Amino acid sequence: MPKTIAFKHDTVLLHETVDMLEVKPNGIYVDATLGGAGHSEYLLSKLTTGHLYSFDQDETAHANAKVRLSEQLAEDKVTLIKSNFRNLKSALAELDITKIDGILYDLGVSSPQFDDSQRGFSYKKEARLDMRMDQSQTLSAYEVVNDYPYEALVRIFFRYGEDKFSKQIARKIEQSRKIKPIETTIELADLIKSALPQKELKKKGHPAKRIFQAIRIEVNDELGAAEESIEQAIDLLKVDGRISVITFHSLEDRLTKSIFKEYSTVNVPKGLPMLPKEMEAKLKLINRKPVLASEEELEFNNRAHSAKLRVAQKQRD
């Protein structure tokens with residue numbers, strides 16, 4: 001049985017993310033990233049006859065939500081969906097939901113997944129290399145580290161970790177795994193350190209952070225899934241419906257910003273006196289600059305330091 005005690009989780013940008021959706025009490029809403037259920041719980045407090053659909057592929061998140069949201073589940077105000085959010089449209093269609101009033105995303109790995117040492121997400125805690133958000137999938141960090149060719153590792157480390165020492169780290173991994181498989185998080189973290197110049201080790205922040213991020217993104221296809229899901233969400237939104245997206249690193253933020261820009265920009269032909277409705281932008285940006293955590297939140301929630309919130313509103317189908 002999945003543990004619920006593991007899900008001690010301080011929800012980032014809780015009020016901002018939900019409040020900016022301008023929740024209608026009778027609306028249909030989606031929490032694409034259930035996690036610790038903080039956003040879901042707060043959004044549910046704003047619903048009367050409305051309904052919330054909460055997605056997560058992590059069984060532990062569902063076990064926790066069944067306890068935390070037990071009252072709302074009993075009242076049939078929320079439906080928990082165990083699925084990757086890239087299946088957003090098809091999963092909702094199975095429930096006869098084709099349009100929604102709003103949706104929120106809290107991207108990346110959740111704090112409880114980091115905190116559970118057995119999940120293999122953390123470079124600070126000894127565990128078998130894993131990093132799977134969905135424990136039923138076959139590809140894990142172990143396979144990426146031990147089976148991917150040198151060139152693929154370099155590409156992943158550079159693209160998803162933006163690490164300038166990608167080649168050196170990939171070469172060190174390649175040499176080490178010829179002797180014996182790299183099995184644990186600490187083993188990998190120590191290997192990464194050994195590949196770096198001494199001056200890099202003295203810099204602020206853990207030297208393995210970027211590489212662990214890159215492997216995690218590869219294992220879970222995080223950016224591919226996010227892009228697919230956000231585009232599906234825009235299509236699902238009713239006119240005037242809103243989408244809130246919290247990101248935690250530059251790759252997620254650039255992706256979100258790029259999608260929002262694509263859907264909120266119109267190239268108007270010269271000499272056109274009036275823009276036809278079908279040529280209007282699908283989205284309107286609610287905030288051009290991302291919303292950041294307040295000083296008050298930063299005092300008790302360290303994870304909020306890198307959080308950025310972007311919100312947009314549907315203008316036309």
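If you go along the chain as it appears here, the first residue is 1 and each next one adds 1.
From the backbone N, Cα and C atoms, a Cβ is placed for every residue, glycine too.
Bear in mind that the values here come from a model prediction, so they are computed numbers and not experimental data.
Record features, source Swiss-Prot:
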BINDING   Ala37, Gly38, His39, Asp56, Phe85, Asp106, Gln113  S-adenosyl-L-methionine binding site
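Gly38 (S-adenosyl-L-methionine binding site) carries a helical DSSP state (H, G or I).
Listed in sequence order, Thr33, Leu34, Gly35, His62, Ala65, Leu80, Ile81, Lys82 are the same-chain residues at least 6 apart in sequence whose CB falls under 8 Å from the CB of Asp56 (S-adenosyl-L-methionine binding site). Its Cβ placed at the centre, Ala37 (S-adenosyl-L-methionine binding site) has 26 other Cβ atoms within 10 Å.
The Cβ of His39 (S-adenosyl-L-methionine binding site) lies under 8 Å from the Cβ of Thr11, Leu14, Thr17, Val18, Asp31, Thr33, Leu104, Asp106, each on the same chain and at least six residues away in sequence. Classification of Phe85 (S-adenosyl-L-methionine binding site) by DSSP places it within a helix.
Of all the Cβ atoms in the protein chains shown, 25 others lie within 10 Å of the Cβ of Asp106 (S-adenosyl-L-methionine binding site).
DSSP classifies Asp106 (S-adenosyl-L-methionine binding site) as strand under the three-state reduction.
Residue density at Gly38 (S-adenosyl-L-methionine binding site): 20 other Cβ atoms are found within 10 A of its Cβ, drawing on all protein chains shown.
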